[in-house]
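A.B. asks: Sharing a structure with you now.
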Amino acid sequence: MVEDNRKRNFVIIGVCSLVLVAMVVSVVVTVNWNDKKASDQDVMTTKKAIESICQTTHYQHTCVESLESSADGSSDPKDLIQKSFQVTIKRIKEAIENSTVLQKLEKDPRAKMALENCEKLVWQAVNDLNRTHIKFESFEFNDLSHWIADLKIWLSGAITYQETCLDGFEETTGETGEKMKRALNTSMELTSNALSMITEISAVFTSLNVGSNRRRLLFDETPVLGHGIELLPDWMDMGRRRLLAVNISKEIKPDMVVAKDGSGEYKTINEALKNIPSNRNQTFVLYIKEGVYNEKVEITSAMTNLMVLGDGPTKTRITGNQNFIDGFPTYQTATVAIMGDYFIAKDIGFENSAGPEKHQAIALRVAADKSIFYNCHVDGYQDTLCVHTYRQFYRDCTIRGTIDFVFGDGAAVFQNCTLAVRKPLKEQHCIVTAQGRTDVRQPTGIVLQNCSIVADESYDEVKGEIKTYLGRPWKQYSRTIIMESNIDDLIQPEGWLEWNKTYACETTLFYTEFNNKGSGSSKKERVNWQGVKELPINRVQRFTTSQFLDGDAWIPSTGTPYTAGFFLPPPQYDSSVEFSPVDDEEYQDLGSGNDKSSYESRV
């Protein structure tokens, strides 16, 4: 055993030195490193290194062209990937300059607002690429799995921000949207390529079975984790780590109090936010006392490590009514927008009260990495909750809405949550989810685990008249997983709905239902799309919270109730069930370092 470990360590060290940032071993071993190298050999060496790095990217021509112009003769794979980040950032900044020029010329109010949003969104993409660049440079093998998870989710965020920029022009007039699309085309391709490179690094280490010591749970023997003190991330200081475990907000000594009755330091949330310190490494607790706060709230990216506590989701409520019909781009309609990483909310209600006739109207938009919502309510109609980007965890929450009321492109897991369908307008369909993954390698998706999909009281009067579906594909690689949940009879037998007649994505989406119950859970009449999967347990397990969100690294220490694996023992293997093959979509997502046949054969 000792000898095996010693040999394995030798292999790991050797592989790390060569495959640190790409599967370019072939380049390293075929290059002539003798002192006799001439300049043309140097050029050929660089060319081969670039071609190898670009081999598995989606946009190979763009990849090769950008690196050839910026490589400066380097054939070091790590340096070349760093160069790819730098070129991508440069291209995005050029697009920002272009949007500034277009803003000055634009006359259409909606297009002008879309351009304003674009500038903010694209800067967020730059921030993600910058922190990816820094993290990539500070590689630590002992923290490999977390290192890769961070890089992939941040690059995914950069892709989503650019895509969201373009989404804002869908209901505008003129050519501004097309001009912005052309301006972002190269940077979007480069960002996708960067994600491909990191995914291949991950695949290499996965195939070697190194870099992760996490338990691979089939189901949780102890479903509620996180009440110990041994696993503390840097951002959760000793004085705050058990805050979520307490039952009454009054037991906590907050750093700041908001109260409408004047009993706190501030009467409004926005007054308080002006005085919250920026970029903290320790948790800052904001307590919002009972009351209805009619405010538009934005937690900026500088407000990191903020914990917001209320007196209960029906007692402390933040409400607004901005909406698409009244002239606001969907992105701007959010009553509350969260962008500060490591955000935690407990016992709060978020609402957009615009009503179904106002169409898109977001109650809560979340773009905060490693964010947690515990015992919260999110109420709206169309587009209630936008899980925009990054890793998000929802526990014991209730989300109410009508159309696409959980949507976005974050990696979002909902545990023990209720998704309640409300009464829509006449002749409307109701759709619970609309996931927006645009790149097959994005580590994103919506996961509903041990949740309940039910009818709200208002829906009962139109039950039987209105059709309701589990989800539809907002973007090409839409991914939604529903497992161990209760699905009520309001869901149509076919389960899923195409986006529209001309944009179905039936072969590229990724939908699966696993071990569900309830009168609407039967899969016998589900749509027969290639992208609707029947999966064995080993291919579903990667969507459990510990694996999909890298959850063990940051959720348990907050004290939030948390189930790392499955809630229930897995169902008995049924030999009559025919599992879906691992097609190209799933294989690319898994990474080419994995053996496709091994996934198909295991149950």
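Residue positions begin at 1 at the first shown residue.
Note that Cβ sites are derived from N, Cα and C of the backbone, with glycine treated the same way.
In case it helps, TrEMBL gives these features for our protein:
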type	residues	note
TRANSMEM	12-33	transmembrane segment
DOMAIN	45-197	domain 'Pectinesterase inhibitor'
ACT_SITE	D404	active site
REGION	575-603	region 'Disordered'
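Would you situate these features in the structure and describe their surroundings?
C.D. replies: Confidence across the domain 'Pectinesterase inhibitor' (45-197), taken as the mean pLDDT and rounded to a whole number, stands at 89.
Sequence-distant neighbours of D404 (active site) (same chain, 6+ residues apart, CB-CB distance under 8 A): Q382, D383, I431, T433, A434, R472, W474. Taken residue by residue with DSSP, D404 (active site) is part of a strand.
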